[in-house]
Structure formats: C-alpha cells, structure tokens
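The following features are taken from TrEMBL:
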ACT_SITE  Asp474  active site, nucleophile
ACT_SITE  Asp546  active site, proton donor
DOMAIN    44-279  domain 'Glycosyl hydrolase family 36 N-terminal'
DOMAIN    641-727  domain 'Glycosyl hydrolase family 36 C-terminal'
SIGNAL    1-22  signal peptide
Amino acid sequence: MYKHIFNSVLLAIIGTSSFAQHAPTIIPIETRQNVLVLQTDKDNHLGITYFGKKLSQPTEYKLILSQSRQLDGNAGIYNSAYTPAGTWNVSEPALQVTHGDGNKSLDLIYVSHNTAKENDNVSLTSIVLKDPVYAVEVTLFYKTYFQENVVEQWSVIKSEEKKPVTLEKYASANLYFIAKDYYLTHYNGTWAKEMNPEEEQLTAGIRVLDSKLGTRANLYQPPTFSLSFDKPATETEGKVLLGTLAWSGNFKMEFEVDSYHNLRLLAGINPYASEYPLASKQEFKTPSFIYTFSENGKGEASRNLHNWARKYRILDGEGTRMTLLNNWEATYFDFNENKLSELFKDGKKLGVDLFLLDDGWFANKYPRNSDGSGLGDWQENVKKLPNGIGYLVKEAQKTGIKFGIWVEPEMVNPKSELYEKHPDWVIKQPQRPEHYMRNQLPLDLSNPEVQDFVYGILDKLFTENPDIAYIKWDCNATTFNPYSAYLEKSKQAQSKLYVDYVKGLYKVLEKLRAKYPKVLMMLCSGGGGRVDYEALKYFTEFWPSDNTDPLERIFMQWEYSYFFPSIALSAHVTDWGKQPLKFRTDVAMMGRLGYDIVVSHLNEKDLQFSQQAVAHYNAVKDVIFQGDLFRLVDPKKNDYAALMYATKSKSKAVLFAYLVGNRNGDGSDTPIRLEGLDASKNYKVKELNLYPGTKSAIREDQVYSGEYLMTAGFNPVVNARRTSVVIEIEAM
Ligand code: DGJ
C-alpha cells in the first residue's frame, strides 16, 4: 500500500534487535479526511506521531518524528500507542498486568501489522505487539469506515504464560494529541436530568470520566464526550473529536495533559474492582472505542457518527420505526383487559402503529401492582389479564394496531417467587444487608443459568405470541454489594463480576437476535441510564430520559444528537411540563414519535391536531430518521432553538424551532441561515402541525432559492404567540 511501510513479515523474521538499527515502521490509519499515524521508535516501541487532517503526500508522515523532541523516545515516551506498565513507562498505563510469577513489569514491542480490506469502505488494521520477556501479546485493532471518517478501535490481549496472568488495567484505546489547548465537553446527570453538558479547558494532570454503577452504568455519566483542539469548536468551525465507548458497564476515560502540554487519552472498561484473570492461551477482547474527527466543527463530526451508526451499528439503522401509544403514564400499574382494549381503540383513533403495554402485567403470588413486588415472576397476572398476553395481541390486532410489551428481565424484587426460589441468582453480599434501588436487585448475569433464564423470558413471550412487534427492555437498578454466588461456587475470581455481567448480557442479546432478528426493541434504563453503541447492535432505539417535559427534552435531545441519530431516539408526548400539546408534539417529532397520554381526555381540537400530527409525521419521518442534522440555533445561548434535517439528495428538509426562554420573548426576530440545501435548487416552504383554527405566519406561495435560504436565511417566526414551529422545505 505505502512503499515506506516495512514489510511486516520480514520484520517478524529479522526480529526486533536488528530492526532497531533500521528505518522506522510507519502505519497510517486513514479515513476519507483524517489520519492517525503510528510509528516505531529506535527501540521498536509504537508511538503516535500525528492525528488530524490527512496529508496529501503520505511520504511526509515520516518527517514528523524527526521534527519533534517530544516524540523521539529520549524524553520519555508519552506518545505510546498502547502504554504498558512497570518498565520504561512512568505515565498512566493502557495495559497493566501481573504475570503468573507475580512480576508486574510489561514491555510491548512492535512485531508486525496487517491491513485487510473488508470492502470498499471498511478496512481493518491489526498491529501485533509483544513483551520480549514474558509471553504476553497484544493486538491493536483499528477498523476504519472511510467515507464516514469513523474509527473503531479495540485490543485483544493474549497470554501464553503457563500460569494465569491477571489483567489489572486493560484499555480499549490509547491516543495522543498535540494541540495548543484542549477543551473537553462531558455530561453529567441523574434520573430525569440526563445529559447536562459541561465544557472545560483541560489543564495539567488527569481528568477522569467514569462509572462504577455496574448495571444502569450511565445514570450519572455516559461514556461519550467531545474534545476540541486549540479552541472550543462550534457547530461549523473548529477541530473536534467525538468519542464514545461501546460498553454497557463500568467505563473509564482518562485525559492526561502531560508535561509537554500534549494530551494522552485512555478509554476502556473501568479497572475498578475488576482485575481479570487470563488463563494460558486465552484472549481478552476489549470493547470498541469509537471516534470521529472533523476540522469543521461539531455539526460535521456528529453527522459522521450518524452516518456510521445508521449504516453499520444500530440495528435496522437504515430502516424505519413505528409510532406508538404507551400506557405507562396513562395507567401506571392500574389496568385490566377492558381498560387495555379501550386503549387499543384510542391508539387506533390517534393513528399510531402500535400499542405498548408497560410495567405491571405479571406476577401472581406477589402481584406487580407497584414497584415493590413481583419483578422476576414473568407469568401474566390472572386478575388483570385472565386471558393472557395472547388475547391482548389478538384484541389489538382486531382493532387494527400492533402490540408491544415491557420487560425488565435482568432484575428481581426480593418480594418475588424468583427470589424465594433462587436467592443465589441475585447479586448481593452474603453477609451484608441488601441495598436496593427502586426496591430491586440485579440478577447475576455472569451465571449461565441466569443467562438462560433471561433469554427464556423473551423466548417464551415470542414463542407463545409470535406477533409481538415491539419490546421495551428496562433496567432500573444499579449494582450495589457486587458479589456473585456463581463465581464463588465455580471458584472464579469475584473481580470478574462487573465484566462478566456485561458479557453475559451480550450473550443473551446475541442469542435473542439470532432467533428474532428484526423485532423492534427499545433500550431503556429508567430513562437514559444505559445507552452505548454495543447495546445498540441489538436495540433499534433507546429511551433518553423519563423526563418528557418538552422544554427539557429540547436541551437533552440536542445533546444526545451529537452522538446518536434521531432514528434511535424515542420521544413521547406526555403530560409532563407546562407547554401546550402542539409544543409537546413538535418536540417528540424530532425522534421516534410516541404518545403516553390519556387519549380519551383530549378535547376535540386536541384530538384532531394529534391525528393530523401523526399523519404529518409519517410523511416526513424518513427525513428525520435518515437525513443530515444541522443544529442551527443553540437553546443554551439563545431565546429559541432551531434545527433541521435535510435528505442527502437535498430535495426535502424539515425545520423545527422552539421558544425556550422568555426573558425578551422575542424569539426569532431575524432570519436563520439554513444548511444542507442545494444552492441551485428552488424550494417551497410549508408549515406543518398547525393547531386547528390557527393560521401560519409563513407565506407558502413564496419560492426561495437554496442559495437565498442558506445565505440570507429564513425566519420561522417563533415567538411568544408561536412557541413551536415545524416547517417542511421541499425542492420544486
Ligand atoms: C422506567 C421507565 O423509564 C419508564 O418508562 C417505565 O417503563 C417504568 N420504568 C416502568 O416501571
């Protein structure tokens, strides 16, 4: 491929010591716009010499090392591509092990590399590193998605030592950046307050983002961030990397500004209480760290991720999604067959595709009439549902609507038959009092019997009711008192629990998807307590938050949109917040639209409005799901928010605008420059979702050129009298 790359086979033959005298090996990991350059130093350690915009002459990558005192290996090797612990390295390691003989030193020397093309767009580079003293080997993997400018990086650690090696720390990725300054945007939150962004300039030392919550790992912090170089990036300007770890458990990301003011990034599973034993010839594969980089701001970077996620990651990401009516906030636990039959009719009246039956349908000895009992006993409650789920599926179908159902299969209430029968399946410390979140405890998914049980819940539902069209998979407690009776009994280390739980979960999901590949499935964790790109291999969408106050959702969905495309984001119209129905509906239309309201309480106009909204949504949802997203007016900095989705062909777009602050109440008093249109095309605009009896403030007979809309701009006229506006823009 590149003439200057050393022949890897030759390298393996000549060995490392003779290689040390020769020219370095340079490995560029390239996407359409960017490159990560890896290079061996005089001792054959692999370092990162460059990250950023691709050079047109790859031969010039070799010049970088010689220009930089900081990278030449004499000044201390900070730029390692995978930093080992206990030898020459004195900074935070990517890999730290204890060998079979108790020794804690590790060195990693470049051995070989290989790049294989999976297809025209996807390539996989693997780089083998070896400890010259101990039989430990690491392969670094870099999977590139060329067009999308996305890199997926992970490592595989293998030991051939006779005795087990203990992995003390095992990062997925180790990167190194050289810039003037670094600005990190990370997120914090808790239940109903997810995704609050904070941007800070990184200073000397290590900034850590992490989770130790086990299940529901993202409750306080998601494994996602954006990192701007030199200065804070905007939507359209600046160098920025968006990164995310594909792991549904404890994670740790470390950002270390070193003594040269360069930035080391380590991302992976949180090693906290998770030393992992590795038997001889066993391999440990770390989760993927996924990232994209743009020189043109966060807008382009997030579109890169969206394009990648829809095409390569989210289950059925290029497909479509169903609108639904959910009964959670309409009934909570209080329902029966008659009530549900009425709700099916309400759903039909509204025009949605599916009815989603939420929590409360199961358990008999300890009925699930509140969140205090029944979790784990997945038999229909005979009082509420004497004719079972099968009857409901048929009733729904008779009404002309599909049927979906809620489960929380990883959890158990102590007040349940499951707990009575299998106390050893529960994660809890044997000698300590139990500690609950929402009156429940996680089941021990490191145990294969528990994996079978969890799989069996879903398998039974689908086998008995093959027409179930949707699953909402919930997970409402974090892991307290981590201890596994199974690991104890099978003489395995307790420190495997956090990792093996997640691996167990993936095993269940893998098996489930092998048998039921297509069913729509929502990833929910009491709101946004769990969302990542490994789980989204199995789920078609996620529930960002239980907070559905539309004003809050504008901000939250805005932040999620940096990392996840709209097709994966569930958004429901509920009674949360003080905004009118139109506002609530307009906001929910920016994701997979659903309702969680008492439809029979809607007055005539509200019902008429909602029916039209569902019809409008169906007409434009493909633009929202598959189009390019442009965040135009930031609600954090303005009285109003505006964003638009435009098809790749630039023939259709949908613009959303909302008043979010009332200090001036002015709203959009000047035009907004639109994006993603074709300057040479002509467009007509049309207001959607007008509330019955109101008139649009937009002239629909006016034709605008794309150039005009993107240069002079367009005013959606959002103000105190028109607090939310949806506009369809269509090429003529
Ligand atoms: C938490 C979820 O986020 C809610 O939407 C609902 O499904 C409840 N659990 C049910 O217990």
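Along the chain as shown, residues are numbered 1 onward.
Cβ coordinates come from backbone N, Cα and C, glycine included.
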According to DSSP, folded down to helix, strand and coil, what is Asp474 (active site, nucleophile)?
coil
How many other Cβ atoms sit within 10 Å of the Cβ of the residue listed as 'active site, nucleophile'?
24
Provide the number of Cβ atoms within 10 Å of the Cβ of the residue listed as 'active site, proton donor', excluding the reference atom itself.
19
Sorry to bug you, but what's the C-alpha spacing from Asp546 (active site, proton donor) to Asp474 (active site, nucleophile), rounded to the closest Å?
12
From the DSSP assignment alone, can you count helix, strand and coil residues within the domain 'Glycosyl hydrolase family 36 C-terminal' (641-727)?
6 helix, 32 strand, 49 coil
Please compute the mean pLDDT of the model over the domain 'Glycosyl hydrolase family 36 C-terminal' (641-727).
95
